[in-house]
Amino acid sequence: MLKFLSKCINSGSLPATFYWALLITVSLLFIPFICSSSAALNFITQVCIAAVLGLSFNILLGQTGLLSFGHAMYAGLGAFASVHVMNKIGLGESAFPVILIPLVGGLAGLLVGVICGWISSKRAGIVFSMISLGIGELIFVMAPMFPQIFGGEAGISTNRVIGDTFLGLSFGPQIEVTYLIIVWTLLSMSAMFFLTLSPLGKLASAVRDNHERVAFLGVNPRLIRFFMICIASFFAGISGALSALHFEIATTDSLSMYRSGSILLFTYIGGISLFLGPVLGAILAVCMTVFLSELTPAWQLYLGILFILVVSFAPKGISGYISAYLDQMKALYQRNNLINVIRVSCLHLFANAMIGASLVILIELTYQLRSADQNGMLLDWFKHNTFDVNHWIIPICMFALGVLLKLVAKRVLRCMR
């Protein structure tokens, strides 16, 4: 790793991802001091946990080309292993330091990954997906049968304020556990980033693109898949342990297909073609499941429409769309003056804002029709009567205008090239 950094610095060719990672590192270290409220710390912590989980999933999907429907089981089992170890520390049966609890979750996830990976890594594609789905559902269904391990429907609770303090830190206050999770997040992100640059990471990308060619080179594609599954399960287990430290509980819901589907959904929305795409997906996941769900009961409808839009118009995810757009603007700037580029960018932003605002109004109006009475129902956000035709015409016209401006912006871009 140090050799790679030295070579890049001397040649002046550090990748853009490195600078973004540096910005994220500085932000994570200083934001908790600036925004020290409980809500802000809780948001940062949940984003970190989701980011590690999303990046671990992208090791399989984005880097190795393996679509897993059971990735949540690694995080869930890592959380249960961490909770059991913390409870033993609390009873005085173990002197394991709390600061290394995420390592316990990682090793638990790795153990399961070794077993499940050897079974499922023989084939890729739909076969691997179905095997991962079957194993994940098997563990989820079997969990209630072992209440001593999984605690039944209530799960297993714990207390992170146990054992000896570390440098005077008990990890009881929220800001202390937040920084503990931030440190483990940065370590995990760094390890996964350099994995993408390692020979194993390059071979995994080659297996994703054409496993037959890799086999002709004398490398067993199954072993590459197996190693990547093990690594992904290790970091997923770390994410589960961080979740156990933060929430001080582990439940069987963390093993469910719903959780695995959420990981897939937000990772893909964030983008699987760029390393930091799952981080953007993690931010969206926390914003939608925590904040947007409190604002409107239609938040899942927003999520579904966002996923459809991403699949249809931005197959590389939001991060890939932004990256491609910035590259396009950079190329235009080299051929045109800055003012014209800014004008086109503003036109794009305004068109997207019009489309987004109109969709929000239409979604809220449509959702409220389900529970509206005969006299109509006023929306809390917009104070619109759902049975008034005029209140439907305005957002429809806004949507049409946004689409028209989008087409004009594309035409202008085509002329500027």
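Sequential numbering from 1, following the chain as shown.
Cβ coordinates come from backbone N, Cα and C, glycine included.
TrEMBL lists 16-34 (among others) with the feature transmembrane segment.
For 41-60 (among others), the entry in TrEMBL reads transmembrane segment.
Under the heading transmembrane segment, TrEMBL lists 66-86 (among others). Within the chain, the transmembrane segment (66-86) has long-range Cβ neighbours (under 8 A, six or more residues past its boundaries) at 53, 56-57, 60, 94, 96, 98, 101-102, 104-109, 112-113, 116, 124, 128-130, 132-137, 139-140, 149-150, 156-160, 162, 225, 228-229, 232-233, 236-241, 243-245, 249-250, 252, 254-257, 259-261, 263-264.
Positions annotated as transmembrane segment by TrEMBL: 98-120 (among others). Through the fold, the transmembrane segment (98-120) approaches residues 70, 73-75, 77-82, 85-86, 89, 128, 131-132, 135, 160, 162-163, 166, 171, 180, 184, 225-226, 229-230, 232-242, 244-245 of its own chain, all at least 6 residues removed from its boundaries and within a Cβ separation under 8 Å.
Per TrEMBL, the feature transmembrane segment maps to 126-146 (among others). Long-range contacts of the transmembrane segment (126-146) within its own chain (CB-CB distance under 8 A, at least 6 residues past either end) are made by residues 66-73, 77, 116, 119-120, 152-153, 225, 252, 255-257, 260.
Feature annotation from TrEMBL assigns transmembrane segment to 177-197 (among others).
Listed as Cβ neighbours of the transmembrane segment (223-245) (distance under 8 Å, sequence separation of 6 or more from its ends, same chain) are residues 48-50, 52-53, 55-57, 59-60, 63-64, 66, 71, 74-83, 86, 98, 101-110, 112-114, 116-118, 120-121, 124, 128, 158, 160, 171, 177, 180-181, 184-185, 188, 191-192, 195, 200, 203-204, 207, 214, 254. What TrEMBL records for 223-245 (among others) is transmembrane segment.
Per TrEMBL, transmembrane segment is recorded for 265-293 (among others).
If you look up TrEMBL, you'll see 299-326 (among others) marked as transmembrane segment.
The feature transmembrane segment is assigned by TrEMBL to 347-369 (among others).
Annotated transmembrane segment per TrEMBL: 389-409 (among others), in sequence order.
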Residues of the parent chain within Cβ reach of the transmembrane segment (177-197), under 8 Å, 6 or more residues beyond its termini: 1, 4, 17, 21, 24-25, 28-29, 32, 41, 44-45, 48-49, 51-52, 55-56, 59, 63, 99, 102, 160, 169, 171, 231, 235, 238-239, 242, 245-246, 275, 279
Intrachain neighbours beyond the transmembrane segment (299-326), with Cβ under 8 angstroms and 6 or more residues off its ends: 265, 268-274, 276-277, 280-281, 284, 288-289, 292-293, 348, 359-360, 363, 367
Cβ-Cβ under 8 Å with the transmembrane segment (265-293): same-chain residues at least 6 beyond its ends: 17, 20-21, 24, 43, 46-47, 50-51, 53-55, 57-58, 61-62, 189, 192-193, 196, 299, 302-303, 306-307, 310-311, 316-321, 323
Same-chain residue ranges lying at least 6 outside the transmembrane segment (389-409) that approach it to Cβ under 8 Å: 344, 347-348, 350-359, 361-362, 365, 382
